[in-house]
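As annotated by TrEMBL, domain 'Exoribonuclease phosphorolytic' applies to C:14-143, C:160-226. Under the heading phosphate binding site, TrEMBL lists C:Arg89, C:Gly127, C:Thr128, C:Arg129.
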Protein chains: 6
Amino acid sequence: MPAPRPSGRAADALRPVILEAGAARHAEGSCRIRLGHTEVLCTASVETRVPPFLRGKGEGWINAEYGMLPRATHTRGEREAARGKQSGRTQEIQRLIARSLRAVVDRRAMGEMAVTIDCDVLTADGGTRCAAITGAWVALHQAFEHCVLKNVIKRNPLRDQVAGVSCGIWKGEPVLDLDYAEDSAAETDGNFVLAAKGGIVELQGTAEGAPFSEDHFLRLLALARQGTEQLFAAQRRAVHL
Amino acid sequence: MPAPRPSGRAADALRPVILEAGAARHAEGSCRIRLGHTEVLCTASVETRVPPFLRGKGEGWINAEYGMLPRATHTRGEREAARGKQSGRTQEIQRLIARSLRAVVDRRAMGEMAVTIDCDVLTADGGTRCAAITGAWVALHQAFEHCVLKNVIKRNPLRDQVAGVSCGIWKGEPVLDLDYAEDSAAETDGNFVLAAKGGIVELQGTAEGAPFSEDHFLRLLALARQGTEQLFAAQRRAVHL
Amino acid sequence: MPAPRPSGRAADALRPVILEAGAARHAEGSCRIRLGHTEVLCTASVETRVPPFLRGKGEGWINAEYGMLPRATHTRGEREAARGKQSGRTQEIQRLIARSLRAVVDRRAMGEMAVTIDCDVLTADGGTRCAAITGAWVALHQAFEHCVLKNVIKRNPLRDQVAGVSCGIWKGEPVLDLDYAEDSAAETDGNFVLAAKGGIVELQGTAEGAPFSEDHFLRLLALARQGTEQLFAAQRRAVHL
Amino acid sequence: MPAPRPSGRAADALRPVILEAGAARHAEGSCRIRLGHTEVLCTASVETRVPPFLRGKGEGWINAEYGMLPRATHTRGEREAARGKQSGRTQEIQRLIARSLRAVVDRRAMGEMAVTIDCDVLTADGGTRCAAITGAWVALHQAFEHCVLKNVIKRNPLRDQVAGVSCGIWKGEPVLDLDYAEDSAAETDGNFVLAAKGGIVELQGTAEGAPFSEDHFLRLLALARQGTEQLFAAQRRAVHL
Amino acid sequence: MPAPRPSGRAADALRPVILEAGAARHAEGSCRIRLGHTEVLCTASVETRVPPFLRGKGEGWINAEYGMLPRATHTRGEREAARGKQSGRTQEIQRLIARSLRAVVDRRAMGEMAVTIDCDVLTADGGTRCAAITGAWVALHQAFEHCVLKNVIKRNPLRDQVAGVSCGIWKGEPVLDLDYAEDSAAETDGNFVLAAKGGIVELQGTAEGAPFSEDHFLRLLALARQGTEQLFAAQRRAVHL
Amino acid sequence: MPAPRPSGRAADALRPVILEAGAARHAEGSCRIRLGHTEVLCTASVETRVPPFLRGKGEGWINAEYGMLPRATHTRGEREAARGKQSGRTQEIQRLIARSLRAVVDRRAMGEMAVTIDCDVLTADGGTRCAAITGAWVALHQAFEHCVLKNVIKRNPLRDQVAGVSCGIWKGEPVLDLDYAEDSAAETDGNFVLAAKGGIVELQGTAEGAPFSEDHFLRLLALARQGTEQLFAAQRRAVHL
């Protein structure tokens, strides 16, 4: 029998998830996601022009930025604006968020329009990048609906849902949705960004200590599928689908 | 009879204020302040060492940082971390917040300990710097109480309460607590940081268009006193005094 | 009887002031101001285009930059150009200088023209930001006269004079025009930017230690009025009005 | 029958690989790797102290930096040193290289010693990050052997070999080792960092257009295993194992 | 009889020089120069537009950038891209390279076209800036020939050859082509950039310790002429003149 | 007969030079140099510790920084502090100033002490870097005398005088001490840093257009010797030697 997880959850148990669409007053789309103690505010800001490399191509663009409030964490982290640059981790995460969303958008249907996704972590307790993707999809959906209402576009260009979840090997056992304590102790750490229709959008697996086996990785992927099913349902409820 | 304010409030009416102490899970002290639609999350982070210029002097220090989520505003602002530096406005505000709090703290009673105040604007609708000061006092109080409980200090080194409110001349009439629409149209803009025992901590008056008269300034100050009385009461309730 | 000031001056005595218009060979307008040992070189540089946010609006703009030579001070300060960024103090001061000048300019009468004011402190002995404003007005006046002569504008768009002076509470006593030694020891510090026709352009009062009273603040303001009268007279002499 | 690849290679054909150990005169370890036209110079620099967070823990550290000569690419890219910061892509790659190497090192056996891996791309034709990992392992091995010879450590702390290869779906077909032309047109792009003893060190799969299936991903992984076998053999030859 | 040089070379002996034109696959022009152990990769990148200050003037421009791989040196140097800025030395060298090449180019004959020269030091053993100039001339020649072939320009705008060599006073004796060991110990250090038709393009002489005499300087210049003759011959061979 | 110079001066005429020692109130040593319209304020700041690479070696160090007020020039230049970095030109000049002074100092006699030279150009009309060196020597001399008086060092560690002057070929004719108008039109530009006892400290000759001849260069050097004789005399008067 496997050792109980620090969180007391079953190996395949997701933390309670709450998606609150429209949480930011000024943004075209927004969602505050709570996944256990992790809390991320996601906004989608629409601009009616695209970056230079896309001008005149009739396609839209989606970009993302990610930040963490200095005291979102157990000990205060340095404010990136004060330090004068974003860390490698921040840049890696914001590239991942943007790619993940672009994979489920029909960019031709957007026309020449850009959406900037901002994901700001208010409280961090593990899984912030995956929670950001899950919440950002809701913010993006809301922003696109807003554009349809305003007759900027004819239909919502989202082709699929996308959500992220982290899994890992903890004391030799694959477990779903690592919180901070579990993540710090995990031997292998994976981030899975999956689409509701069954496709894989992004996979990342990292050996924290020793290399891991293909079998273990497949078990993590299976857990991730199970977890994202619950996230997809929560997204649909949040946008009234 | 004066023209009605855009907000419909009476000239001397403060917006509804809600102070939620303990809003940030990990910080030693925290407070989420809502003043009308303006919403600021304030945290107080305790460190048991002081900056180099104070080492060995037996005194504490209080520093502040201020930020705004990119979509806290009507149109998205550039993320300062991405731009690689903080604006002059940001730096001016964080210096004001820190000075205001230091004025009501007995820094000798702190011993060699530093507190960093982070004020992050989640939604901006005017008066964010003043709201940040009001909320930061609650966060700081809570952090000091935490230190007393942990026996780091013997008593709470706060000597007084401090709160901030903005006032301005709108269509020739002094009004209390400008929201964004009013602030944009005000002829004169003042920020008042006052202490509960009656002293003035910081005064700033700025002619946006033409210079203003001393009489007008004194009427703004009187409104500010009235407004901060309500804020002091809210602070006491928030920290159970 | 109050304790004598470190400078030996009476409580209401301004330091000797010298305004030397035209001190910079290449600039359209310039003024070297000496206020006691404090010495600031102010230049006004005219450009025939405005920043993007004003294009096509038929209005002018005034911007300011402030700097201090590394050895303007008792001990050498780091060169901001070498450090790669301007301090919060620098940015706060240059925003104050620009706002103060804009308050006495008819920006419509400028047309689409921008003036950049540079204030560089050659020697610092307290009151540099106020001296910069006083000297900058002379530089700006000279630059506008130059533009009138060159037929770029029809009349000088200055509507009023503006000058700045610092006052403070020193050993419980309000005193005018703090030098460095007095400023370091003052309990309260105020910067007053006043217009010659009687209006207030900017007021800033800061409690360095304990909060201050309204009565004290009003006495500082009265001293400031008295001091700026002398500065206005010196400005008029410098520009031959 | 699948469409021929732009390179004309079979779906499972690796480009010719040349590993030249000792290519950099001054470094403790070095390797120039050529993979088709892609050419990366990897050096390993030994320092006898660790970063602050590891001091006194008796463990070593491995860090990596990655760069690209401005004209390594078809059109000249901006020099990151001139631009004043490293791109998100650069930071993501150098984090990947460092993590990959740390996964096969016994950091306790290193003692308190740090190795910095520099990977500089001289010519880019796809797969530079994977080639960098493959070459860096040789440089690191050589540096550790150097330390053994110098009696800094008792034995080479490498526990396994590690190599990277990219695979992708090209016109619906999984193919091994994408060159630049193939990479630009691939629907799915994967980077595989594998260990010689069979473990997985890092997996990354990205949907460039539409999401991909689990089956496709497993076929990419199988190709990667086949390709890294050849790379492991080349590494062993390069270090005379 | 003078003391033997550390390198064992005669006072007027140049190190072996190898110029490999076309060393960079993607660039319009390129040259890898080896001068003893010093090795620099020079590329010339052609762009069909000039910097703003030259637009519409019918002249071309040549710019240069210089970099050093972190482990080109005996001990690892910090990567300038990671540090976020180029050192003063780097900037001085890249200005020298660009000026030297511009002096032998007929910029009118280029038309409105810009060439960026990148010189990246792979191995440093003294004399890198001079070697960079010598190699850059070959890269530039090749790039211009490429433009002639493509009918972008009618004839090669190079009017002369240019090459650089360092000389110095070592133990009181003028010597040609200092390597790193000699350069560190030289009393006087000179960089000479000469043209094949006999003119001087750049001269720099620096007293490392005590000032030097005019006579010594003239002897260094004579050595430099002798050394550059060999470099000019090597350049002609490299470009088949 | 040669064409008259724009300045009307004879080919070998230096501009009027005024050296005002002690011009900066707070610095240990200072000198304001005026050379025609060019005006540079030089200060020498003493610190009783050396940079890390010299600690424990019993030697002193001299460093230099150079800046230009934004409106020292005909058109306003961007403030380097605002731009966030120093230009290549600035860095090249400050390295030259520091090297030139170090060449005439007995660094052993300084002991472990550092002097920072700041040269700030108040008005630029050609020859600022050379004027800076000439003025800096006076500031440095004064600072060392100050240290002797304070018993920090036993004797003034200056072994010689050093001064700089620019010369150039103007319309085919060698001329001394180029002002801005002449410098812009010169075919060849040379900076000469010479010592009073006859040695050469730094030589730089640059072909602005076509390469120049050795003969021309020697005539420039002769003019420079003549010019620096006058500067050495002015320096001796300024420091009462």
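Keep in mind that glycine also has a Cβ here, set from the backbone N, Cα and C atoms.
The model shown is predicted, which means the values in this text are computed figures rather than measured ones.
Shown on the structure are the features that TrEMBL records.
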{"residue": "C:Arg89", "record": "phosphate binding site", "Cβ neighbours (10 Å)": "14"}
{"residue": "C:Gly127", "record": "phosphate binding site", "Cβ neighbours (10 Å)": "26"}
{"residue": "C:Thr128", "record": "phosphate binding site", "Cβ neighbours (10 Å)": "26"}
{"residue": "C:Arg129", "record": "phosphate binding site", "Cβ neighbours (10 Å)": "22"}
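In sequence order there is nothing to list, since none of the binding-site residues C:Gly127, C:Thr128, C:Arg129 has a CB under 8 Å from a CB of chain B.
Reduced to three states, the DSSP call for C:Gly127 (phosphate binding site) is coil. Residue counts for the domain 'Exoribonuclease phosphorolytic' (C:14-143) by DSSP state, with H, G and I taken as helix and E and B as strand, are 45 helix, 41 strand, 44 coil.
Shown in sequence order, C:Tyr66, C:Ile93, C:Val121, C:Ala124, C:Gly126, C:Cys130, C:Ala131, C:Ala132, C:Ser166 are the same-chain residues outside C:Arg89, C:Gly127, C:Thr128, C:Arg129 whose Cβ sits within 8 Å of the Cβ centre of the phosphate site.
Residue counts for the domain 'Exoribonuclease phosphorolytic' (C:160-226) under DSSP, split into helix (H, G, I), strand (E, B) and coil, are 19 helix, 30 strand, 18 coil. Taken over all pairs of the listed phosphate-binding residues (C:Arg89, C:Gly127, C:Thr128, C:Arg129), the Cα spread reaches a maximum of 13 Å, rounded to the nearest whole number. Taken as a whole, the domain 'Exoribonuclease phosphorolytic' (C:14-143) shows an average pLDDT of 96 in this prediction.
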